[in-house]
Amino acid sequence: MSLTAESHSVCLSDGNHIPLFGLGTYGDPRVMPEGAAYECVKLAIDAGYRHFDGALVYFNEHKVGKAIRDKIADGIVRREDIFYYVKLWNTFHTPELVRSGLERTLKALKLDCVDLFILEISMTIKPGKDFFPRDENGKYIYHHTDLCATWEQALESCKDSGLVKCVGVSNRQLELLLNKPDLKYKPVSSQCHPYFTQPKLLEYCRQNDIVVVGYCPLSSSTDEFWVNLKCPPMLEDELLVSIGKKYNKSSAQVALCFNAQRGIVVIPKRLGFEEMTDAEAPNKNIHFVKLLMWSDHPEYPFHVEY
């Protein structure tokens, strides 16, 4: 397969297309240099990236948006070439707040719409100005929300309003939503990780025409706020390293290829059948994103690990 900006995409169930290879824009704001997000996105566009994953809670969407707009102004890309994928933050899960959360993203990006808007972590934190509200004892303050109502009254409405092109979820809500009576728009996407491959989930998604996005596909984050630091380093995985040596590729390339050949959004050169049969082996039934700061939630880990 010859990879170009036009050819490396997958058709979603609503007719839109998502590029197989995306760039996550999160960087720990405590250590990332000023302007890093802006420069990284510009360089990524020059290198051929057209898919960018972001969130309001990353606190850098103004930089990401400026990089995209500058490259559009330079004539390098058109807005329709870019696929921007954004997650709804947990303090905006109540139906009446969803649109305001999305509008904050659009205002930061200075774009008219986003391409994919997902309800990611199915646990709601108390709404308000603070993104990480705590009580006087330092414990996070949770809030109950009917996620089916959020989907129907808010995400579907944002799509009808033209503020988003596609809507999706993480895997925890799939069955709940697909079994919902009078579902107007079904989710076009879900999520998984190579260390928790969930073959039953993948098959369920295939049967329901849902594209799976592989988050943190190289497991390179060491931000203990979000991830499980007990996970073994993926790029040192014996199987990935050995396959890489055989094909003169890096373990990172093999890890990305592993996802792509399972129909998950990321790519490069195909491996032989024998290696890909063995390549379920990266699965360790480990949750890479652990979100331990919410471990006191009454339904943890069911609402937050994935």
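Heads up, the Cβ atoms here are built off N, Cα and C, so glycines get one too.
Quick look at what TrEMBL annotates:
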type: ACT_SITE; residues: Y58; note: active site, proton donor
type: BINDING; residues: H143; note: substrate binding site
type: DOMAIN; residues: 21-269; note: domain 'NADP-dependent oxidoreductase'
type: SITE; residues: K87; note: site 'Lowers pKa of active site Tyr'
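Taking a C-beta cut-off of under 8 Å and a sequence gap of six or more, the residue listed as 'substrate binding site' has these contacts in its own chain: H93, T94, T124, I125, K126, P127. Separating the Cα atoms of Y58 (active site, proton donor) and K87 (site 'Lowers pKa of active site Tyr') is a whole-number distance of 10 Å. K87 (site 'Lowers pKa of active site Tyr') has a Cβ environment of 23 other Cβ atoms inside 10 Å. Using a 10 Å Cβ-Cβ cutoff, Y58 (active site, proton donor) registers 22 neighbours.
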